[in-house]
Amino acid sequence: MEKVVFQVLIGILIIVVAILACVYFYQRRAVKQINDLMESEKKLADQKVDQQIKNVEELQLIGDAKKQFETIKNKYEKQVRPAITAFNKRAPQLLADSRTSKLLTINTQIRDLQADLAKLTTTLQQIQKDLQHIRQQQHTHKQAVEQIKNKYRQFHRQLNEKSFEYGDSEKQLNSRLNELEDQFAQFTDLTNKGDIEAAQEILSNLQSENDKFEQDLKKIPQLYKPIATEFPEQLSELKSGYETLVKQNFHFTEKNIDKQIEQLQAKLDQTIDQLNNLQLDVVEQSNKDLSDQIDYLYGVMQKEIDAKNEAIHLIEVMKDFTKHAQRQNDELGVELDRLSLNYTLTNHEQETVRELGEQIKAIIKQYRDDAEAVANKMAVYSQVLDRQKSNQKNLTEIEKSQEKLNDEVAKLQTDEQRARQMLQKYSTQIRTIHRQVEQLNLPGLPKDYLDYFFGVSDEIKKLADELNEYKINMDEITKQLIIVESDLDTLNDKTDILRDSAELTERFQQYANRFSDNEKIAAAAKKSQELFKQFNYTASLEAIATVLEEIEPGSYKRIEDTYYREIGKN
């Protein structure tokens, strides 16, 4: 019984200890949560938001910025500060309650306190962000104002120290600068009155105008320099140079250069006025036009100076060149007239010479006109030079054509002599062939051979007739020479075949006599003799040679080789 009681007491003791342990750990967790909240609140206090508000308030804000600040300050005073005070009261109270029997009931209050602190933290962060935005706005605004003031000081210094780079445009620039400063004063006045929206509109426009003014200050010296120094000097030089060249009897491709120079001077004066009125885009284009036109007139005059000596020299060269070309063409025409008495000119040679003569006449006329202009000091040297260079080139081509034509007609007599020599050669060859055939003592000749022989003879006669014409056509004679040459070669081949067939037939018939008792050979010999009497020597040879080769293989080749060796033919 006592043992049971003891065990019950032990169980109760364990339960009590467990409960006490739970209470202890619960209390520690609650204390830690409260201490953490108090530490977080302390960190918020360390940020000294109230001091930040005081600092921004000292910036002497106006307008929208001031309204924004008042809203932030009011939010801090009415929402944040009471919340901080309430937190500082509730947190220590909860910490004290955590050590009493109220421990078991404060969990909800701790969660509420955590939520309040989170909300307070978010609110303070937004307030700090808004304060920073106001400070940044003020800094940007102040910086922009200072930049504008500095720019105006810089603009005045630029115009005062380097007024020589702007000419009379300085007056208009100072006037514009005064207008900008007036706008800035209006901006400052609106800012002080708190009309930030209107002031901001002026500031935006002012910044744009300032940038444009700054660009103009950089651009004008670049535009003014050529107007003030380069163009006046160049126009003066052009005028004096033109007058000097005119006195030296120069003439130009451009008319009224003196008036063009006056027009450029007037344009320069107009451009200066445009610059003084700050019409910079117009001035920029005018400067380009002036530069281009001045360079062009320089080029026009320099072109004549450069061309003079070469043009005068070329006139002297062309004097002899035209005479030589004309003389050579006349001589070529005379030679063609002479040759045309004996030869038919088939390539329009005389017409070509007449055409070349017309070209030479045109060149000579142009040469004489230019030479007269140079002599009378009325020449535009560059034009004379261009024309005579072209004529020199054309005359060179004309002389090449003359030389080619002369070479071609000079060959006519040589070609005639060569043709007569070939005619003599062909006549000798045809007579030689005739004698060779007669020496064969054949009973007769095949008709096709005779036709071909007499055909070649007629072609040689035709060649002789053409060479004996009153006017020889060397083109036709050359064609006839080619025909006769080819046909004579063919006739020689036909004559060789005729001779070889007849000679070999006789040798095979003599060899066949050895086989007189052979009926086949006897029949072949008889057929061969009949064909021989019919002047068909090739068939006659084939009739006897084929049978002999059958009876005695190799006989045909042996007899043939012996024959060709004897006549010295491979």
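A Cβ is built for glycine as well, from the same backbone N, Cα and C atoms used for every other residue.
Bear in mind that TrEMBL entries carry predicted annotations, made automatically and left uncurated.
Taken from TrEMBL, the feature coiled coil covers 110-137 (among others).
According to TrEMBL, the feature coiled coil maps to 170-216 (among others).
If you look up TrEMBL, you'll see 254-288 (among others) marked as coiled coil.
If one looks beyond the coiled coil (395-429) by at least 6 residues along the same chain, the residues whose Cβ comes under 8 Å of a Cβ in the stretch are 318, 321-322, 324-325, 328-329, 332, 335-336, 339, 343, 345, 347, 349, 352-353, 356, 359-360, 363, 460, 463-464, 467, 472, 474, 477-478, 481, 484-485, 488, 492. According to TrEMBL, the feature coiled coil maps to 395-429 (among others).
What TrEMBL lists as coiled coil is 460-494 (among others). Long-range neighbours of the coiled coil (460-494) within the same chain, counting only residues 6 or more positions beyond its ends whose Cβ lies under 8 Å from a Cβ of the stretch, are 340-344, 346, 412, 415-416, 419-420, 422-423, 426-427, 429-430, 433, 449, 452-453.
Under the heading topological domain 'Extracellular', TrEMBL lists 1-7. If you take every residue in the topological domain 'Extracellular' (1-7) and average the pLDDT, you get 60.
The topological domain 'Cytoplasmic' annotation in TrEMBL covers 27-570.
The transmembrane segment annotation in TrEMBL covers 6-26.
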